[in-house]
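The structure appears right after this line, and notes come after that.
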Amino acid sequence: FADLADMSLSGDITVEGEITVPVGAPSPDEDFSTLDEPVRETIMRDLKAVGKKFVHVMYPKKSSTLLRDWDLWGPLVLCVSLALMLQGGSADSKEDGGPQFAEVFVIIWFGAVVITLNSKLLGGTISFFQSLCVLGYCVLPLTVAMLVCRLVLLAGAGTISFVVRLLVVLAMFAWSTLASTAFLADSQPPNRKALVVYPIFLFYFVISWMILTFTPQ
């Protein structure tokens, strides 16, 4: 440390350049904040986002919207709506249909979780919640089928009623399966797509069977 002792600390050291922080126009992402945004605008923006995802499901095409901007609000609404329409179908008159609601709710979410885990174990490149988002939103056609079946049953039960409900459920089952695979198939290894599509087929088949066999009290 002898050389350090010879250094003079009292001398002036010239520092070139300016130590300043450049001030530029803030980017839109940095300036965007929802803290000061009215609650009404926040709710409307979220509703529009959910509505756009519904449109993507009804008109499935190669789009990353469901994967990039995932949320679970739409799947939750669809799950609750479907469970409410299915509850009480096979319940005894002394009961309120509560177990049927829980049964449908658990089947949908548990089935979606199992399919997601299967996809991840097979080497899927999407996240856990992205897969849940896609599977949940693709229940929309089956929810529409359930609504149509309820309206058909109001007109009476019979052979014609069953045929109409069968055609509607089959069409919406195919729609849900094709829509979900359109979003999820590309995220899987090419040699394992069949192993991913098969559980999805069973998942929507079980829901479709519950809708088709529904009979009101």
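Cβ atoms here come from the backbone N, Cα and C positions, even for glycine.
Residues or ranges marked as domain 'Yip1' in TrEMBL: 60-210.
Long-range contacts of the transmembrane segment (70-89) within its own chain (CB-CB distance under 8 A, at least 6 residues past either end) are made by residues 46, 49-50, 53-54, 96-98, 100-101, 104-105, 108-109, 112, 127, 129-130, 132-137, 139-140, 142-143, 146-147, 150, 207, 210-211, 214-217. What TrEMBL records for 70-89 (among others) is transmembrane segment.
Taken from TrEMBL, the feature transmembrane segment covers 101-122 (among others).
With a cut-off of 8 Å between Cβ atoms, the residues of this chain six or more beyond the transmembrane segment (134-156) that come close are 53-54, 56-58, 66-67, 70, 72, 74-76, 78-79, 81-82, 85-86, 108, 112, 115-116, 164-165, 168-169, 171-173, 175-176, 179-180, 183-184, 200, 203-204, 207-208, 211-212, 214-216. Among the features that TrEMBL reports, transmembrane segment is placed at 134-156 (among others).
Per TrEMBL, transmembrane segment is recorded for 162-184 (among others).
As annotated by TrEMBL, transmembrane segment applies to 196-215 (among others). Residues 82, 86, 89-90, 104, 107-108, 111-112, 114-115, 118-119, 122, 124, 135, 138-139, 142, 145-146, 149, 153, 157, 165-166, 169-170, 172-173, 176-177, 180-181, 184-185, 188 of the same chain lie 6+ residues outside the transmembrane segment (196-215) yet bring a C-beta within less than 8 angstroms of a C-beta in it.
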Predicted model, mean pLDDT over the domain 'Yip1' (60-210): 81
